[in-house]
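**Student:** Got a structure for you, questions after.
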Amino acid sequence: MPRVYIGRLSYNVREKDIQRFFSGYGRLLEVDLKNGYGFVEFEDSRDADDAVYELNGKELCGERVIVEHARGPRRDRDGYSYGSRSGGGGYSSRRTSGRDKYGPPVRTEYRLIVENLSSRCSWQDLKDFMRQAGEVTYADAHKERTNEGVIEFRSYSDMKRALDKLDGTEINGRNIRLIEDKPRTSHRRSYSGSRSRSRSRRRSRSRSRRSSRSRSRSISKSRSRSRSRSKGRSRSRSKGRKSRSKSKSKPKSDRGSHSHSRSRSKDEYEKSRSRSRSRSPKENGKGDIKSKSRSRSQSRSNSPLPVPPSKARSVSPPPKRATSRSRSRSRSKSRSRSRSSSRD
């Protein structure tokens, strides 16, 4: 017997309301109400066709209902399904009948784009309308673009059937256009692939950046350590060099001072000798007094300049000998002169 599906029913609808709604379209054999939908069995198939054609989109208890031909074998309220005309039958649970059809949405790859959709048509209307071609798992309307919807089917055959039979049909006064959504699936796949690649690239970049940072830090630390070591070595070397140069320069200065003092003492000694020899013993007493004073003044003037204590010690012995010798000679000369004057 022909059966008709009624969708988007109000939860307050009763069986009497359904009978009134279908009155005038033949005799009703059975009315089966579910949560939000139901089934009506007609006695004549022509009455069922007329009801589907004229009552689809009409209001019932404040809700715009969908009326369409039911698909699949009939199932009773206990879950038993009766076979078709060829016979046969079996048991099917309610999960596979009602809850599977009208359960939570499931995304699949068998997707159709619905264009030229009426603004009055909601996603529930679109889903209920597309059920006549096959099992609809997901429906959406006016989400991404206005007057455009999305329908996803359980299998490829259901999608192909909807594309062949329902393309160009009228929903709420508009002829819809169905387009198979092939590029979007590939685009989404490539997008997910690019996402995973970009994430892996970001992770690898962050790891490489972290490794480069740690390497640069370790290199900078090793450089700073090597610099500090080189600085310490250079400082120790410079200190050693300074101490060596000081120790070397001190003996040089001492040697130079010794040599200078020796040369000065020798020169002064020779000068005093030559001056004392150049004076003649035949001069008068005045000349002797002058020569004594000159020799003393010259010896005093020729005596070395005041020198630091280290230099004075090294220079002092030779000039004392020279002055003592010159004084002794001058005294001997003065004695000899005084003797000669007394004899005269």
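Each Cβ is built from the backbone N, Cα and C atoms, and glycine gets one as well.
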**Student:** So which of Ser86, Ser220, Ser314 shows up as phosphoserine in Swiss-Prot?
**Tutor:** Ser314
**Student:** Among Ser45, Ser122, Ser157, Ser192, which is the one flagged in Swiss-Prot as phosphoserine?
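**Tutor:** Among Ser45, Ser122, Ser157, Ser192, the residue Swiss-Prot annotates as phosphoserine is Ser45.
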**Student:** If you check Swiss-Prot for SUMO2 cross-link, which of Lys182, Lys250 comes up?
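**Tutor:** Annotated as SUMO2 cross-link in Swiss-Prot: Lys182.
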**Student:** Can you tell me which of these residues Swiss-Prot lists as phosphoserine: Ser84, Ser196, Ser301?
**Tutor:** Ser84
**Student:** Where Swiss-Prot marks phosphoserine, which residue is it, choosing among Ser81, Ser119, Ser216, Ser310?
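**Tutor:** Looking at Swiss-Prot, the phosphoserine feature maps to Ser81.
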**Student:** Rounded to the nearest Å, what's the C-alpha distance separating Lys165 (N6-acetyllysine) and Ser45 (phosphoserine)? Just drop the number here, would you?
**Tutor:** 20
**Student:** Which of these recorded positions has the least crowded Cβ, counting other Cβ atoms within 10 Å: Lys165, Lys182?
**Tutor:** Lys182
**Student:** Where does Lys165 (N6-acetyllysine) sit by DSSP, helix, strand or coil?
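**Tutor:** Where Lys165 (N6-acetyllysine) sits, the three-state DSSP reduction gives helix.
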**Student:** How many other Cβ atoms are found within 10 Å of the Cβ atom of Ser45 (phosphoserine), counting all protein chains shown?
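**Tutor:** So the Cβ neighbour count for Ser45 (phosphoserine) comes to 13.
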